[in-house]
Amino acid sequence: MFWTVPVTLALASGASAHVAAFVKGMYCEGGPDPNNYNPNSNTPVNPLWDLPFEQWWMQADRGCNKAPPPDGASVALPAGGQFTVELAHNQAQTTLSFNGQFAGEWPDGQPHPENWSGPGSPPDCIQDDGAMHTNNQTMAAGTAWAISYNDDISKVTMDNLVVFSVLEHTPWKRIATYDVPKDLPACPAGGCYCAWLWVPNGCGEPNMYMANYRCHVTNTTSTKQLAQAKPPTWCGGDSSKCTKGAKQMIAWNQATGNNVQVPNGASPGYNINMGWAPGAQNDIFA
């Protein structure tokens, strides 16, 4: 379908908007229907809440697991290096659509102060963009990437999908850069499966996010293998109580398939409270 840029683009925003990582190599680029490419799609950003495993896993509830990246695109993960994605509420607010004309410094494409925060002291939740699900940058829960060494996504499981990179205090600005472990080995010929992950810390419904990507590792000579992933545990920053080594993604507040328990009033996240230090996770190997 041919798209023209409308004078006023109706973007998902406010209470109806959320956040996902946009990059070439993502599933559901342009929406779930490969025959009807939508540059204004927000399909990957919608949260997962109280769903059976078969529906929340890989965003099967919206068909994203069956909408692979167009043109065989894949996210490059340089071993020991970094890769960059765009955190946004809508594909139109990224450089993937409309030549990036609606992309700004922030995920909603709008201007905000550098010290953006909610009202009051201490700050309440940010009111002018509830999709951020935070009070300010320091309270943003953190986002993560996980990888499975399977080119057939039907073979990806919680046990072989390993969190390999964590970016603290995100989502925040649109541009987000993640560190890659130096010992990640090469992927199979058909590539690997990756997931972008986020569990907000309050400021809205206690849901979670999981988006799908084809990915491949570059600049590597490593022959190491990933260890089997174990469920993370709440340790509240006490390293002696944390799960060590390779960890599964967080599955929380779903109808089935949950793998974590946290104290009343707490939220699990991709941060030190669940045993993840920021940056590349270099302890994930067998």
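A Cβ is built for glycine as well, from the same backbone N, Cα and C atoms used for every other residue.
Source: prediction; values computed, not measured.
Swiss-Prot names the disulfide partner of C194 among C215, C235, C242 as C215. The disulfide bond recorded by Swiss-Prot for C235 reaches one of C203, C242; that cysteine is C242. When the recorded positions N115, C215, C235 are compared by Cα distance to C187 (disulfide bond), the shortest distance belongs to C215. Of the candidate recorded positions, N115, N219, C235, C242, the one lying closest to C194 (disulfide bond) when CA atoms are compared is N219. Shown are the glycosylation sites N115, N219; of these, the residue with the fewest other Cβ atoms within 10 Å is N115.
For N115 (N-linked glycosylation site), the nearest neighbour among the recorded positions C192, N219, C242, judged by Cα separation, is C242.
Same-chain residues at least 6 positions away in sequence with a Cβ under 8 Å from that of C215 (disulfide bond) are, in sequence order, G25, S74, V75, A76, L77, I147, C187, G191, C192, Y193, C194.
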